[in-house]
Structure formats: C-alpha cells, structure tokens
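> Straight from TrEMBL, here's the annotation block:
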type	residues	note
TRANSMEM	34-57	transmembrane segment
TRANSMEM	88-107	transmembrane segment
TRANSMEM	114-132	transmembrane segment
TRANSMEM	161-179	transmembrane segment
TRANSMEM	212-233	transmembrane segment
TRANSMEM	245-271	transmembrane segment
TRANSMEM	283-303	transmembrane segment
Amino acid sequence: MKPQRNRLALAAATLAFVLALVLPAFVSGYGIRILNLALISAIAVIGLNFAFGYAGLITLAQAGFVGCGAYLTAILSTALGLPPWLSIPAAVVGTTLISVTIGLPMLRLKGHYLALATLGFNVSFVIVATNWKSVMGGTDGISGIPSLTLAGWSAATDHRYYYVLWLALAAATWIAWRIRYSHIGLAMIAVRDDEIATGAASVGVTRIKVQAFALSAAYAGLAGALFAHMTNFVAPDDFALSHSIIYLAMLIIGGEGSILGAIAGAVIVTFMPELMRDLGQAYMIVFGGLMLLILIFLPKGLLSLAGMVGRRLRIAGR
C-alpha cells in the first residue's frame, strides 16, 4: 500500500507542478494578482501552523509579524538602498529576532491569556506604524519599494512575480514538511498533546514553544517581505488585527496541523470574496455561516473531507 501511496503522491505533485507552470496563461491580470495574494497568505498560514497547529499556541500576532517583514524590507530597500535579494532575508531574520524577544516572556502565558498578549502585540504594531511617521511613514505608509530583480531579471509584473511566489511557497512547504517530521516537529506536537508529560520527559517546553513561535514569525516575515515587493507600497491597515483573525480562519478551514490544509485554506478564503462578490456586505454573514458548518461537521478542516473520501474508496475497492 505504501508504494502505491508514494506513486499517487508523486503523480499529484507532478500534476500540481505542470498546472502551476501553465496557469498564468489562462488567468487575467486581476486574477493573477488575487492568486499571488493567495500564495503569500499560504506562506503566512503555513507559518501559523507551527504555532497553532503543531504547538497548540493560540496566537493572534501573525499579521503583526507579516507587517514586521514588510516594513523591514521596505525600510532597508528604500532608506538604505539594499537590493531586494538582500533585504528580504534580512527582514526574515529581523522578524524572527523580534518574535524571540517578545516570545520569551509572552510564551509563559497559556490559553486565552496568550491570545490576549499576542493580540496586544498586533495592535501595538499597527499603532507604532501609524504614529512613527519619520521611519514607518505613518498613515501614508512607505511607497517606492523596488520590485524584485536578480541578475538583470525583473519580476515587476504580476505574471512574473507569480513564479517567484510559487517557488517561495514550494520551498516553504518542503522546509515545513522536513521540520514536521524532525525531532523539533514531534516535540511541538508532544507539547500540544500533553505539556506536563513532555516537561516530565526532560524536554524544554518553553524552548519548544519559542521555536514554534519563531518559525511562525519567520514564515510571516517572508510573506510580508514578498508582499511589499509585489505591491511596492505598505501601510498600517494592511496588517490590522482583522488580518490575524483571517489567517487563523484560513488554517482552521483548511485543517490545522496540516501543511496542505494551510495552503488550501489560504487559497479558498482569498478567493471567496471574489466568488461571492454579488452578495455585497452579506458575504461576511455567508462566510461566518460556512465557517460554523465546517467547525461542526468537519472539525479537522476541509482537507479531512478528502481523507474521508479516500478511505471510503479504499474500503469499496476491497
């Protein structure tokens, strides 16, 4: 059975690769922009999966960390003149250091106390970005952020940037998969399932939580930096608390604890407003209703539905 699963996984990966290459030829310019936003969100949500899905940390700081990555690369590339291929990794490192700095004291909290603390960080980030006009541009934000260029090749158009984002998502997915099945990933899941027993086994619970929080922030920083070089502009409203809630909804809808679920949830929620545009303001009511139904009937997310169908097909084929 295992070789058959491996062949199916390889076939699915090959099909996804081919579809990803040819997709821009069949999508309009606006559609590509929405797809690019979905890919950026997917990177951020894969990161959130480390903290929320694996380690069980209820965090509402993800949009704040996306903002850290976006503003760091914006400042480095506009004020200091660093090229994007240097400012992006620098932004990821900077965001990770920020997360560790606030995470060391914050992650001693649990449950709703941690949720409130991370909420406070996200709100504080927006307040600082709004009022620190000399550095972060205030409500006007930072404009003139250069497009990504490398060796004379420019990703200034949405179609070209799509391939950059696709490669970034593929790399982020592969790294997340390797971490998930490493001793670090297994330790995160152990902390989530039974923190007391994990601590009794001489595992540094706080250290594991900080690692999960830092990985979550690193992915968010990458997503934010890529967002900044796509839009060439960042403003505080792009990283409001509501965006952290949306990232969390993406993960829950797709399936927490699942990398593919994180990607699926990001794509579905990003495209949902476009598919329901005719509903106007009623879209949020429909969205809330759908999320409630998923929580009731598919508590493990939409991706669990595919697993249920697969199991039934295997049973029927015996």
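Here the Cβ of each residue, glycine as well, is placed from N, Cα and C on the backbone.
On a predicted model such as this, the values are computed, not experimentally measured, just so you know.
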> With a Cβ cut-off under 8 Å, give me the same-chain residues at least six positions beyond the ends of the transmembrane segment (114-132) that come close to it.
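Residues 57-64, 67-68, 71, 102, 106-107, 138-139, 236-237, 239-241, 244.
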> Under 8 angstroms, Cβ to Cβ: which one of 34-57, 161-179, 245-271, 283-303 has the largest number of such pairs with the transmembrane segment (212-233)?
34-57
> Using a Cβ cut-off under 8 Å, which residues of the same chain at least 6 positions beyond either end of the transmembrane segment (245-271) come close to it?
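Same-chain contacts beyond the flanks: 34, 37-39, 41-42, 44-46, 48-49, 52-54, 60, 62-63, 169, 173, 176-177, 180, 189, 291, 294-295, 300-304.
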